[in-house]
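*Asks:* The structure's right below; bear with me while I get my questions together.
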Ligand SMILES: Nc1ncnc2c1ncn2[C@@H]1O[C@H](COP(=O)(O)OP(=O)(O)O)[C@@H](O)[C@H]1O
Ligand SMILES: N[C@@H](CCOP(=O)(O)O)C(=O)O
């Protein structure tokens, strides 16, 4: 194979209670990327559409991940990468993770599937270091594995796929302001008290149990974040109003998607998810902030060949 076109999904990290430990992939939103083998070694980024991003292969996460993998595998070819961004960087929807995971997945295909998903996740995490200075696994693991994932351990890396009810639908609102993950991580406390920790890990347990048992009420009760959300929500205009509107219109729960500014809600069934979309869009319609909304199933497959 000399060329491959891949789709790499947007992802919602944290899912309220699981800061750096949980995430899921969206079915309908993501980036397209084309990877072409070249005779000369090295990685060139020849096209980027949809966002203003570095062409320098060391600074673009896709280029950085591809270079690492070509070096590690001692590949005898180079790469030309084209990136078509369908959602903005700094969205809280894993824009950098989509590129990093897309690169890891595509290069692996061109190397005849040399690496398992866990190794691909480790390569993609190095892309996250380029984007935000931290080797975060939640977005990239969700993109590579698909579905809903738990990062059970970072060292050694241990990723667990959590089954999700098929009629669990995500509604997303993305106000068009940029929040860099690197900046939003600085407002999260590095220490929390035991009482807060107990509530947080109880909610993680509740959420995972609710996903396994199709218990929507339990899923809703567990979508609580006492660690990142109280500190990050001030960065997101109208966060409380959007969350209130989502819950009032039938969502099971709502919270910040990744590091924001996007806000996600989870609902039982498409009809409710669309009502939630209408309600939360109404909040931003009253302001002068541009926004996009998305309603999507949780992607079972994640990053895939187009
Ligand atoms: N291919 C890429 N896609 C998205 N962002 C990239 C890419 N390459 C480098 N970056 C940088 O990563 C940062 C965006 O990542 P991040 O702050 O984590 O936001 P997001 O939540 O959208 O992933 C920006 O500084 C951007 O320039
Ligand atoms: N766990 C990370 C996730 C960042 O997600 P992003 O989509 O905003 O890059 C965090 O919360 O910092």
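For all residues, glycine too, the Cβ spot is worked out from N, Cα and C.
Pasting the relevant annotations from TrEMBL:
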{"type": "BINDING", "residues": "88, 89, 90, 91, 92, 93, 94, 95, 96, 97, 98", "note": "ATP binding site"}
{"type": "DOMAIN", "residues": "62-147", "note": "domain 'GHMP kinase N-terminal'"}
{"type": "DOMAIN", "residues": "208-285", "note": "domain 'GHMP kinase C-terminal'"}
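What does the local environment look like for each feature on the list?
*Replies:* When other Cβ atoms within 10 Å of the Cβ of residue 92 (ATP binding site) are tallied across all protein chains shown, the result is 31.
When pLDDT values are averaged over the domain 'GHMP kinase C-terminal' (208-285), the model yields 98.
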*Asks:* Near residue 98 (ATP binding site), how many other Cβ atoms are within 10 Å of its Cβ?
*Replies:* 35
*Asks:* Which binding-site residues from the set 88, 92, 98 have a C-beta atom lying less than 6 Å away from ligand 1?
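*Replies:* What lies within reach of ligand 1, judged by Cβ under 6 Å, is 92.
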*Asks:* For ligand 2, pick out the binding-site residues 88, 90, 92, 98 that have a CB under 6 angstroms away from one of its atoms.
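*Replies:* Cβ < 6 Å from ligand 2, in sequence order: 92.
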*Asks:* Pick from 88, 90, 94, 96: which of these binding-site residues has the biggest number of other Cβ atoms within 10 Å of its Cβ?
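*Replies:* When each Cβ's neighbours within 10 Å are tallied, 94 tops the list.
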